[in-house]
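Before any comments, here is the structure.
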């Protein structure tokens with residue numbers, strides 16, 4: 001019985017993991033199969049006819065894959081840099097300073113967490129269109145520059161920073177910006193890693209907003225590019241499509257594996273999710 | 001730097017509707033070791049934070065060496081503070097921690113930037129000077145061998161020394177200490193007390209020391225300011241506070257074991273009685289009615305006649321022993337006698353004895369808790 005009690009959680013977690021990983025496995029499997037085997041129900045990892053080279057070559061040549069990756073990197077990095085630059089001072093002020101209206105601001109931040117992106121899409125689109133900014137990197141990035149989620153996450157993390165160290169720094173002559181970036185953020189690197197993973201994955205994978213503001217493949221981030229590809233090639237070539245999907249997913253998987261330890265420390269420390 | 005005087009005039013501070021500090025007037029002399037003591041919530045930490053510039057007072061003025069600094073930023077007051085948690089910068093080595101106050105004052109903001117700063121002319125020379133000063137401070141506190149460690153790798157006592165070195169290195173106008181020993185174990189605390197006192201003697205600097213521990217205040221201070229409810233109850237030398245407590249609060253707070261308090265009455269002629277017995281003390285004119293008589297444990301002794309009591313238990317403390325007795329007519333309020341280890345205790349088989357005390361060393365407090373100066377009649381009794 002004790003053996004069973006110890007194994008049961010593992011069993012449940014294992015089932016969950018299979019459930020979560022199956023689509024990825026299927027994607028990779030399809031990407032190395034020839035068209036004839038696509039609808040084969042078998043999950044056996046080795047196809048009868050190994051077709052990986054053809055599928056990946058086709059995916060890479062049908063769309064400018066390098067360009068899509070570059071677009072994705074520019075957009076994700078641009079968003080992340082501005083998000084951190086704006087959210088860290090705001091979170092510091094909410095966590096460690098005393099000023100009138102502080103609770104109101106915090107309430108507004110939490111309220112803003114509840115507003116879905118879709119609700120704002122139309123006014124944002126109209127605004128960008130009338131400013132003639134559609135089909136630019138700016139249009140892809142601008143709506144995400146201010147992240148209330150980042151403010152909230154950093155505030156939770158900053159709150160645990162010892163006040164006495166901040167006071168010692170004030171006596172030593174640190175400026176507030178030096179305290180904020182050099183001491184407090186430095187003490188919250190796991191939160192920064194966790195937020196970076198959240199942000200990069202969300203915007204790398206985002207299809208909704210690019211679909212609205214970008215029609216030119218020169219500015220398309222990877223998911224939109226793959227969508228162009230699917231349209232252009234009549235969508236029937238699932239092997240090549242999945243090869244494309246596997247290629248654009250790979251950087252995110254690497255990114256997560258790289259930051260995994262920090263990421264887990266970050267989300268457990270800040271009590272988010 | 002020459003030791004500086006610190007002077008607070010009419011300083012008040014409230015948080016919300018509550019006044020944490022009423023109106024504090026306190027002149028701290030140059031080179032003095034002054035302790036602010038009191039229960040938690042008495043306002044002593046707030047007062048220290050106002051001196052440091054971490055809090056702004058609602059009213060009043062604060063001067064350092066005669067110069068008004070009430071509106072000055074903490075960094076511009078040239079005060080060093082040692083915190084209860086030591087507040088070392090966790091990502092820096094001990095060497096960098098000690099160097100930080102110097103780096104902040106001697107290098108420009110640009111020269112302090114991580115990589116770019118190295119390009120600023122004169123930076124290398126300044127860093128070399130700072131290195132020498134850091135080494136000297138580390139030498140003084142015997143932490144030279146720890147300079148390359150991070151704070152997390154140090155014991156509590158070692159962190160304490162690093163915090164002191166960081167304060168020392170900037171050669172401040174005064175040292176502020178906020179319960180710096182309360183996170184140490186008892187033995188180390190006693191050791192650091194004597195080291196702090198020695199450091200004060202050697203530097204000759206002004207020290208303002210906040211503590212809730214009256215032993216720390218008594219052993220190290222030149223003067224003690226005992227605070228209660230946002231006010232200074234009494235300001236004086238440790239001896240003055242012990243031998244002439246101005247109020248009941250001071251009498252209760254200072255001294256271990258605590259002072260014995262007996263309910264007393266003053267009759268219309270001014271004679272002071274305790275448990276119906278004459279004490280031989282006369283209260284000043286006009287003070288009649290209920291009062292409290294305080295007797296230090298060492299001034300209470302076995303005698304013939306006087307208060308009848310029963311021995312509860314005895315604590316041995318080496319040279320001294322503390323005898324706890326329960327006087328008749330004072331249920332649940334035991335008194336403590338402090339006797340030399342060899343002194344006899346003339347109690348009968350049931351542990352009964354009579355108590356006497358030295359009348360001129362007793363303290364009388366009126367119903368409002370303020371000291372009443374008595375004079376002793378020739379006849380000593382009770």
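From the backbone N, Cα and C atoms, a Cβ is placed for every residue, glycine too.
Which of A:38-59, A:104-125 counts as transmembrane segment depends on TrEMBL, and there it is A:104-125. When the ranges A:137-158, A:203-224 are checked against TrEMBL, the one recorded as transmembrane segment is A:137-158.
Long-range contacts of the transmembrane segment (A:238-259) within the same chain: residues 24, 27-28, 30-35, 38, 51-52, 54-56, 58-60, 62-63, 65, 68-69, 72, 193-194, 196-197, 200-201, 204-205, 222-223, 225-226, 229-230, each at least 6 residues beyond the stretch ends and with a Cβ under 8 Å from a Cβ of the stretch. Long-range contacts of the transmembrane segment (A:68-92) within the same chain: residues 137, 140-141, 144-147, 150-155, 157-158, 177, 179-181, 184-185, 192, 195-196, 199-200, 203-204, 217-222, 224-226, 248, 251, each at least 6 residues beyond the stretch ends and with a Cβ under 8 Å from a Cβ of the stretch. Two recorded stretches are said to be in contact when at least 3 C-beta pairs lie under 8 angstroms, sequence spacing 6 or more; the transmembrane segment (A:104-125) and the transmembrane segment (A:7-26) fall short of this definition.
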